[in-house]
Amino acid sequence: MFLTSVLILCSLAALSLGQKNNNFAPGRNTIVHLFEWHWDDIANECENFLGPKGFAGVQISPPAENTVIGDRPWWERYQPISYALNTRSGDESALASMIRRCNNAGVRIYVDAVFNHMSATSGIGTGGSSCDVEPSASPAVPYGSGDFHGRCTSNNYQDPNNIRNCWLSGLPDLDQSKDYVRDKILEYLNHLVDLGVAGFRVDAAKHMWPADLQVIYGRVKDLNTDHGFSQGSRPFFYQEVIDLGGEGVSKNEYTGFGTVLEFKYGTELGNAFQGNNALHNLENWGPAWGLLEGTDAVVFIDNHDNQRTGSGAILTYKNPRPYKMAIGFMLAHPYGTTRIMSSFSFDYNDQGPPTQGPGFNSVRNLHQWVGGANTGWRQILRVMVGFRNAVDGTSISNWWSDGNQQIAFGRGDKGFVAFTLAGDINGNLQTSLPAGSYCDIVSGKLENGSCTGKTVNVDGNGQAYITLSSGEDDGFLAIHVGAKV
């Protein structure tokens with residue numbers, strides 16, 4: 001009996017640990033969220049840019065059918081009406097094709113999975129299904145009123161029962177303790193695993209009981225080996241648990257069976273790179289700041305929600321210089337699994353994605369997309385994703401600061417970065433890099449053996465002469481062994 005119990009516990013521990021494995025292909029380290037992109041466009045991006053440039057994965061918008069709402073706001077994607085795979089991003093056939101093409105390009109797909117709730121808006125869905133909020137009925141699943149928690153408003157963030165059993169923003173709250181509800185959620189998740197996805201961002205995980213989620217995750221299938229995953233590989237789960245401290249639900253409740261989106265990360269870096277906290281304080285960046293252990297955390301500067309509704313601490317594409325610097329720091333630092341944002345420009349918070357033409361099946365307007373077709377953003381994202389890949393497996397070394405708003409650090413003998421928010425850096429800094437000339441990948445690129453930007457010389461003692469002006473557009477430089485002149 002004792003041996004059986006031990007074996008069961010070991011099996012559960014292995015299962016939970018596997019759900020923290022991001023399933024990246026070797027040599028790749030960063031997820032990009034292609035928010036509201038069409039499936040066909042994502043497939044092309046995987047083949048033509050993300051795969052060749054070393055990106056590890058794509059987080060896609062919710063693929064489940066949602067209610068069609070008024071002016072088609074972005075948030076209608078978070079109002080599921082069924083688990084049919086039919087949205088304005090494309091149908092199931094297009095989704096399946098995209099997943100296969102991206103996997104073939106070495107880029108994994110992570111689904112934004114919404115199963116805390118169903119739609120708060122009665123009406124017709126993107127695939128023609130219907131729902132009625134008043135009796136809490138989603139006949140296309142089907143769910144009936146008995147599958148939901150009783151109506152109450154989620155408004156007391158000191159009370160875990162209120163947070164997890166009441167309706168968030170009027171959204172009918174599913175009861176994940178019920179076997180039937182679990183089974184319907186599992187049908188949805190397992191179908192996506194069959195199609196070849198590598199994992200899930202779990203929307204509103206904070207509003208579901210950890211014990212229920214642990215059961216659901218544990219019953220999701222192993223990943224599909226037809227898509228290049230090793231036998232027995234588990235889906236990667238990263239959970240939306242907004243925890244900035246002082247509430248009744250803690251992010252630590254969710255780390256036993258998956259990773260967690262670390263919201264404190266972007267808030268603190270946003271403050272730092274806007275000059276509200278001196279950069280030199282980042283020397284001990286990580287759990288000492290109240291962050292999760294790095295193996296438990298998926299980190300980001302901004303997301304689709306707080307781009308629009310976040311505090312002044314949140315950096316977005318609308319604050320280009322500090323935003324790029326914060327992204328650069330995130331991708332240069334070894335902490336956490338990194339995720340970057342590719343969104344669209346917007347003038348008001350509810351604004352949906354751009355198109356050319358009268359319907360959402362028309363070709364998207366590339367000029368309104370940020371981090372995709374916009375070549376300036378592609379440059380920063382591409383080179384720093386490449387930097388992270390080049391320095392993988394190394395730790396922080398040779399930390400330097402001026403005691404205020406200038407910092408620099410190495411990644412072992414593989415790379416080195418420097419940042420300034422105030423004043424110029426002109427002088428020798430210690431690195432662990434081999435002697436030679438290196439191309440600053442932020443100001444230029446290595447092309448036919450020459451650097452189109454700054455060249456940084458490292459002597460035989462590892463000393464690098466760094467010149468970085470506080471007036472430069474990007475505010476930082478980066479060199480690594482893969483960009484040696």
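Cβ from N, Cα, C; glycine included.
When other Cβ atoms within 10 Å of the Cβ of Asp173 (Ca(2+) binding site) are tallied across all protein chains shown, the result is 24. In the three-state DSSP scheme, Asp173 (Ca(2+) binding site) is classed as strand. Look at Swiss-Prot and you will find Asn116, Arg164, Asp173, His207 tagged as Ca(2+) binding site, backed by similarity to another entry.
Cβ neighbours of Cys102 (disulfide bond) (same chain, under 8 Å, six or more residues apart in sequence): Ile42, Ala43, Cys46, Glu47, Leu50, Gly51, Val58, Arg108, Ile109. Cys102 (disulfide bond) carries a helical DSSP state (H, G or I). Annotation source Swiss-Prot lists disulfide bond at Cys46-Cys102 (among others), citing similarity to another entry.
Counting only same-chain residues at least 6 apart in sequence, those with a Cβ under 8 Å from the Cβ of Cys152 (disulfide bond) are Asn162, Asn165, Cys166, Trp167. In the three-state DSSP assignment, the secondary structure recorded for Cys152 (disulfide bond) is coil. According to Swiss-Prot, the feature disulfide bond maps to Cys152-Cys166 (among others), an assignment based on similarity to another entry.
Sequence-distant neighbours of Cys451 (disulfide bond) (same chain, 6+ apart, CB under 8 A from its CB) are Ser437, Cys439, Asp440, Gly444, Lys445, Ala483, Val485. Annotation comment: Swiss-Prot describes Cys439-Cys451 (among others) as disulfide bond, evidence class similarity to another entry.
Positions annotated as N-linked glycosylation site by Swiss-Prot, on the basis of sequence analysis: Asn448. Note: Asn448 (N-linked glycosylation site) has no non-local neighbours, i.e. no same-chain residues 6+ apart with C-beta under 8 A of its own C-beta.
In sequence order, the list of same-chain residues 6 or more apart from Asp305 (site 'Transition state stabilizer') whose Cβ falls under 8 Å from its Cβ is empty. According to Swiss-Prot, the feature site 'Transition state stabilizer' maps to Asp305.
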Remaining residues near the recorded Ca(2+) site, that is with C-beta within 8 Å of the centroid of the site residues Asn116, Arg164, Asp173, His207: His117, His149, Ser154, Ile163, Asn165, Cys166, Leu168, Leu174, Ala204, Lys206, Met208
Local Cβ density at Cys439 (disulfide bond) - other Cβ atoms counted within 10 Å: 26
Neighbourhood of Arg164 (Ca(2+) binding site), C-beta criterion under 8 angstroms, separation at least six: Lys206, His207, Met208, Trp209, Val249
Residue among disulfide-bonded residues Cys46, Cys166 with least C-beta crowding, 10 angstrom cut-off: Cys166
Assigned conformation of Cys46 (disulfide bond) - DSSP reduced to three states: helix
Which same-chain residues, if any, lie at least 6 apart from Asn116 (Ca(2+) binding site) yet have Cβ under 8 Å of it: Leu168, Leu171, Asp173, Leu174, Asp203, Ala204, Ala205, His207, Met208
Number of other Cβ atoms within 10 Å of the Cβ of His207 (Ca(2+) binding site) across all protein chains: 23
